[in-house]
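Record features (Swiss-Prot):
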DOMAIN    104-287  domain 'ATP-grasp'
BINDING   Lys141, Glu178, Tyr179, Asp187, Arg211, Ser212, Asn213  ATP binding site
BINDING   Asp248, Glu260  Mn(2+) 1 binding site
BINDING   Asp248, Glu260  Mg(2+) 1 binding site
BINDING   Glu260, Asn262  Mg(2+) 2 binding site
BINDING   Glu260, Asn262  Mn(2+) 2 binding site
Amino acid sequence: MKIAVLSRNPRLYSTRRLVEAGQQRGHEMQVIDTLRAYMNIASHKPQIHYRGRALEGFDAVIPRIGASVTFYGCAVLRQFEMMGVYPLNESVAISRSRDKLRALQLLSRKGIGLPVTGFAHSPDDIPDLIQMVGGAPLVIKVLEGTQGMGVVLAETTKAAESVIEAFFGLKQDIMVQEYIQEAGGADIRCFVVGDKVIASMKRQAKAGEFRSNLHRGGSASLIKITPEERMTAVRAAKVMGLNVAGVDILRSNHGPLVMEVNSSPGLEGIETTTGKDVAGMIIQYLEKNAEPGQTRTKGRG
């Protein structure tokens, strides 16, 4: 197969591994810098050009679209879909999962366990917003943040009010979430491919920190997940419409709670921790499923 990898940086671990895994299995791999591709939106023959040439003959495309380039990245991916190229994750699913509020609303509608969450722009009653999610301690998040940025733990009501006011002063929409004390600063990253969790790891925040992101100095270790956690992760990915996803779960006193569904999960942490060939499993998934025009939207974007 001829497989495109949409990635801004061919030297990133995840991009390198996907290219290696594809080549080892006999596929032709090409990394395309998402922002440098440009498109012809003509109705009779949609095209993508890159480095002065039309991209042709691709069977599948693997989007590794960073949060900052979501809008243009999804447009390029949608153009591939219009050309009948099979996407590992569809553009509509990626944009859905990048909008944290929309993602939580969809998960909530399907009855998937979530922390109690409030959402606000400039509420006229901040104490009521805080009480609505069960009071302090609570977690306050800016909607656009990634890798643990824009996330604050407010341990007292006073602190929560100050943080919320500060964010509103910056004209930010925010999410206010109950703090799951019993998780002890740890979460579980479940790596879903198709309808299976193929690998999972526990991420533990470093001492004095509550964000377990590996970018924040958290540490990763092996963990055995329960059938309920496995089912929750697979269902969450399915609700978002993602074939490949990193689903972050907290262990709470009332079962697994989904924190986030990531449409472009990093491979380094999960492969290093588990020793599994996750990149190879992603390529195998494409081998089984890639057919021209086989998006849920039938290539209509």
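Positions of Cβ are set from backbone N, Cα and C atoms, glycine also.
Where Swiss-Prot records a feature, it is marked here on the structure.
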residue : record                : CB count, 10 Å
Lys141  : ATP binding site      : 23
Glu178  : ATP binding site      : 20
Tyr179  : ATP binding site      : 19
Asp187  : ATP binding site      : 23
Asp248  : Mn(2+) 1 binding site : 21
Glu260  : Mn(2+) 1 binding site : 19
Asn262  : Mg(2+) 2 binding site : 21
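Counting in whole angstrom, Asn262 (Mg(2+) 2 binding site) lies 8 from Asp248 (Mn(2+) 1 binding site) by their C-alpha atoms. Across the structure, Lys141 (ATP binding site) and Glu260 (Mn(2+) 1 binding site) place their CA atoms 12 angstrom apart. When the Cα atoms are compared, Asp248 (Mn(2+) 1 binding site) and Glu178 (ATP binding site) turn out to be 16 Å apart. For the recorded site, Glu178 (ATP binding site), the DSSP three-state label reads strand. Residue pair Tyr179 (ATP binding site) / Glu260 (Mn(2+) 1 binding site) shows a Cα separation of 15 Å. The predicted model assigns the domain 'ATP-grasp' (104-287) a mean pLDDT of 91. A separation of roughly 14 Å, to the nearest angstrom, links the Cα atoms of Glu178 (ATP binding site) and Glu260 (Mn(2+) 1 binding site).
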